[in-house]
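S.K.: Encoded as structure tokens, here's the structure I'll be asking about.
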Amino acid sequence: MIAQQEKINSWLALGPILFINFLFVWKYGSRATDRAVVAAALLVAVQVGWVLLSDSISVSDKWTGRIVIAAGLLLLVFAALAAWVIPLESLNVDRWSVISSFWEAAAEGKYPYFAESHMGNPPGPMPVYFVIAWPFYALGALDTLAAVGYLLLLFGLYRTPAKAKRLVPLLLTSVFMFWEIAVRSNIFTYSVLVMFALEYFRRRQDKAWGTNLMLQAIVIGLLLSTRSVFALAYVSYFLASLKLKEMPFGRMVAFGSVALVAFGLSFLPFVLIWPESFREMNPFLVQSSFLLPAWFIPGFFGLAAASALLIKRSEDVPLAAGWVLFLCILLYAIFHVLTSGFEEAFFGSKVDLSYFLLAVPFLYGTAGLGMLLPTAISRRSGM
């Protein structure tokens, strides 16, 4: 019964991943051929075939580990080639430029949220997003930042060869991964960091109040100060913890309070140094003026809260969070298709497909990554 449920969960996780890959091949492949939709369907069919056949293919754990290492090296080589061949200024994705302009303004003593990317966009992410990106910016390695999330995923898969055998070929045939590295996007990387933090919280059996739990709250609060959309995943995880009676309500309130204080403190330098400028321009204003009308937001949080009602086991939580993020981005895409038309929304610039990647780490977690986290490993080894 448990094995059957795990199989169902794996397909529920892989379904959106395959759909996202289909969309990427269709959209960006259409710039090279009129048969991009056919190519997208064929690639997804090959991926489905691989998943179905992979269990019947015998590969030793040693060779699986080598394949994972080779995949990581391939990503690093691809990132280096992309940095060498594709000029930053030629890109129509400006996440690298948002980071660069933010830190250039800060270095000049200017208010960073007044900066503009090479495409004229203001910085939308929250402060910790830029703090995490700073070492990569300082080293001129924003292309590496784009690859870090996928390398972390491979590191996790290295520890479970049975899962790696199925998922690494699936990852290496995912066009969205190579697209994101090529354009120096980083959505997947930040989502992986959030997923790891939330999974550590979920899997740690000892949730007694103490230094460890407080540090978890601080880290989770700071990671919320990257992209506000991650709050949807937080709702799924924390309400599930209450429903499954993993943490008492009072302790959850204390945990959430510490996380919110950490989140709020990340804005303190901007409020103290540039109080007037902060009121005029800040990430809350930027994010509320893009993507969707504000009246969508309560519905999204309602969806996240409802997801907790469907969770029966702790192992279902990352799947629920992944589906909440996936459905919210899908609704965002449908909204723009209805208001702008399919051609303009999908093939134009209205719908940013990369936002779907917010959900992918949580879905991969359900398909096998979740059990790779240190706490689970420690429990199995008796540590």
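Just so it is clear, glycine is given a Cβ too, placed from its N, Cα and C backbone atoms.
Those TrEMBL annotations? Automatic predictions, nothing curated.
The transmembrane segment annotation in TrEMBL covers 12-29, 35-53, 65-86, 128-155, 167-193, 213-240, 252-274, 294-311, 318-335, 355-377.
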S.K.: Look over the recorded stretches 12-29, 213-240, 294-311 and say which has the most C-beta pairs under 8 A to the transmembrane segment (318-335).
M.R.: 294-311
S.K.: What else in the chain is close to the transmembrane segment (213-240), if you only count residues 6 or more beyond its ends and a Cβ gap under 8 Å?
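M.R.: Contacts with the transmembrane segment (213-240): 125-129, 132, 190-191, 193-195, 197-198, 200-202, 204, 207, 251-252, 255-256, 258-263, 266-267, 283-284, 287, 300-301, 303-305, 307-308, 311, 314, 316-317, 320-321, 324-325, 328, 358, 362.
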S.K.: For the transmembrane segment (35-53) against the transmembrane segment (294-311), do we get 3 or more Cβ-Cβ pairs below 8 Å once near-sequence pairs (under 6 apart) are dropped?
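M.R.: Result for the transmembrane segment (35-53) with the transmembrane segment (294-311) is no.
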S.K.: Excluding the flanking five residues on each side, which residues at least 6 beyond the ends of the transmembrane segment (65-86) place their CB within less than 8 Å of a CB in that stretch?
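M.R.: Residues packing against the transmembrane segment (65-86) from afar: 59, 143-144, 146-147, 150-151, 154-155, 157-158, 161, 164-165, 168, 171-172, 177-178, 181-184.
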S.K.: In the same chain, who gets a Cβ under 8 Å from the transmembrane segment (12-29) while lying at least 6 residues past its ends?
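M.R.: Residues 36-37, 39-41, 43-44, 47-48, 51, 170, 173-176, 179, 319, 322-323, 326, 346-347, 353, 356-357, 359-360, 363-367.
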